[in-house]
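See structure below.
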Amino acid sequence: MPTGLYYTTSAHLIDTSDGSYPIGNNTALEMVYRINVGGGPISPYADTGMYRTWETADETYLDDISKKLSVLTVNNTIELNFVKIPEYSAPKPVYRTGRSMGMNKTMNKSYNLTWVFPLDPKFYYLVRLHFCEFESNITKYGDRSFQIYMANQTAQAHADVIGWSGANGNPVYRDYVVGMFMSPVGSQKKVNFFLGLAALRGDWYTVYNDASLNGLEIFKLSDSNGSLARPNPDSPPPTLAQQIPKSSTASKSHTSLLPITVCVLSGVLLLLSVLGIFDFRRGRKVEESSSSQGTLTLPSHLCHYFSLPEMKAATQNFNDSRIIGVGGFGHVYEGFLEDGATHVAIKRLKAMSSQGASEFRTEIEMLSRLCHRHVVSLIGYCADEGEMILVYDYMARGTLGDHLYHTDNPPLLWEQRLHICIGAAQGLHYLYTGTKGTIIHRDVKSTNILLDENWVAKVSDFGLSKNGVITLSKTHITTKVKGSFGYLDPEYYRSQHLTEKSDVYSFGVILCEVLSGRSAVTTVDNDRVDLAGWAKKCHGNGKLDQIIDPNLKGKIAVRCLHKFVSIAMRCMDDNRINRPSMDDVVRELQFALKMQQNNEDYTDRIEMTVQDRIALIKDNEGSCSSEQSSGANESIQGLTGTIFSEIINPVGR
């Protein structure tokens, strides 16, 4: 076997901040799956000299919706150019066939192309995905970009085969390492590994909202002891001797134990009877979820417990027509509880993974003790038969992001946007001050701000939240970096020190989204950029007009605009010390709203008179906190953007 074919230093370890997982010569590999996706079987003699067998029928591992909607692709005439990987990496037929989501862009946005592979638990696995763009209409970066999920975690937030390979017809592969350390459900011996490809929802991200795969290989990696053996191997089948009835001598020896066995069983039954009577007198309580799913144990008193039949009845057996949201976590369904009058949203997470189970428990524990007008309400949950289902109040208006970018919804009015921002900020402020300990959300983004039928904003999705006590002596929580691309606090990314100011940074990005009508990762002059960096650059260069949503031109009071931008830029300061508290953000946004309501000076020109600037400085002095970068330290020059500009550091977000 060629050196470096599978032993590599560059495999991306899923669920780390930036790590790779080196696979050295001291690691044993066991091939578990090797599939020519969308193509026929390839015998060892047709391989590239490696004598590998490539199986077919990848549809065997597809989930139901992927079987129905995905399509096979093939181009047997394309000339392949192995400029990125060795030609022996995989046979050419692997790169000339594949499976994609299909040509219906709308349908592609509603589901994930998902394969499910049973694997032995308690091991790391090397997952190699083979790609090659061979369709003639896909020739440049951005033509077909998509996301990759593994074990309910984001493996690749923005996958682009042309970007990796350089051109159409150039094969390439990507290596990932994922740990499967969850426990099997019930009596099962295996755990399910979910591999999902998802189309990007924004049309500006990609020309074709589609995803495709040509081949895959999955290898089990030996543990720290060098072993590939399963922790609990199946019992061997009984031998012929074991199946033959015992002799009379053996039966006689067993008979002598009968009185002892009867006594023991009688005592156990008596004890169970007493416990049963005690439980009956207490009254029936909600069952512990651990009884139905094995390893996940949740206290029954947290919130209402729904049975799986109740969930199926509420969603018409999880009918696809009820899906109102989709992501790496699974699907969100619109549902009605038994009385038909309670309208709910039901989030069904994919089958249990270590991360999914942890986030499931976190969300239940967090939301069950929160009660605030601007925090989403958790009605209950279901954990029957290994399911992970959360039931929330139904939010009729969807997410804030649904009304800002890439949408057919009418544009939100500016005052409406301000009210939503104030509500969301109040919800976040409550997390830091209104509960025992400090709850840091860690995934603040526009799609996690939900809107009810009255446009009331509610903070949602607490799966990544961290709970801790922040004091003068303990100023942060040290934790693995989690969050969403485009919203991630650069200081948290560098130091792994999490504080509420990390949420403040993310909220500043939301303010930019609200003002610009763009998402956190946007395209400017055909380049993909993060909105925060682009907005700060425009602000620093005095080109504020480039940031504003065209639907808002001429509809924002000038003083309100500059106040709003000032808040956003301070929130996104690279140094957390200079960021305002969320309480300050609430008060300053409320002040900006008053400016909008009291000021009739609406203009398309983003300029201010000297009098306006002086008045705004006085307003800032009266409304900002005493933290650094407060309004009291601002200057007239600062209002043009200079004081809020920052050196753009080449750090990941």
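In case you wondered, yes, glycine gets a Cβ from its N, Cα and C as well.
Look at TrEMBL and you will find 227-246 tagged as region 'Disordered'.
TrEMBL lists 257-278 with the feature transmembrane segment.
What TrEMBL lists as domain 'Protein kinase' is 318-592.
As annotated by TrEMBL, ATP binding site applies to LYS347. Cβ neighbours within 10 Å of LYS347 (ATP binding site), excluding its own Cβ and spanning all shown chains: 22. In the three-state DSSP classification, LYS347 (ATP binding site) falls within a strand.
A mean pLDDT of 86 is what the model gives for the domain 'Protein kinase' (318-592).
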